[in-house]
Amino acid sequence: MRRVQTEEPTLAPAIAARLRRNDAGLVPAVVQDAATGDVLMMAWMDDVALARTLATRRATYWSRSRQEYWVKGETSGHTQHVCSVRLDCDGDTLLLRVDQVDGACHTGDHTCFDADVLLAEEVES
């Protein structure tokens, strides 16, 4: 059987030129639930992770601790189907709107921001 080789997707030069990366070549990606508007998590992307995400609509990130790419949900089943990707006005932050399957956080919580509320909304009496 002949194996088909697939080419690694590359980031369009026009998009790459607009990105403002940190010293490690990374851009923060804020991830939002497309259905609820909840902010789910923040992860890091480089050009390869962004290109893979744009090509597949599967959220792909760069792990700073493991020094490798990871596709959200590949091992947990808690996948993110990417509905849209936006670049902020300064070009230094991405916004991914996703259809999230189960919890987005590695703890199993719906979002990575469920656990520690530092300042809650005021309740009028």
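In case you wondered, yes, glycine gets a Cβ from its N, Cα and C as well.
What Swiss-Prot records for this protein:
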type	residues	note
BINDING	ASP88, ASP90, ASP92	Mg(2+) binding site
BINDING	CYS89, CYS105, CYS112	Zn(2+) binding site
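CYS112 (Zn(2+) binding site) falls outside any helix or strand according to DSSP and counts as coil. For the binding-site residues listed here (CYS89, CYS105, CYS112), the lowest count of other CB atoms within 10 A around the CB belongs to CYS89. The Cβ of ASP92 (Mg(2+) binding site) has LEU19, ARG20, ARG21, VAL27, PRO28 as same-chain neighbours under 8 Å, each 6 or more residues away in sequence.
Residue pair ASP88 (Mg(2+) binding site) / CYS112 (Zn(2+) binding site) shows a Cα separation of 21 Å. Neighbour density at the Cβ, taken as the number of other Cβ atoms within 10 Å, is lowest among the binding-site residues ASP88, ASP90 for ASP90.
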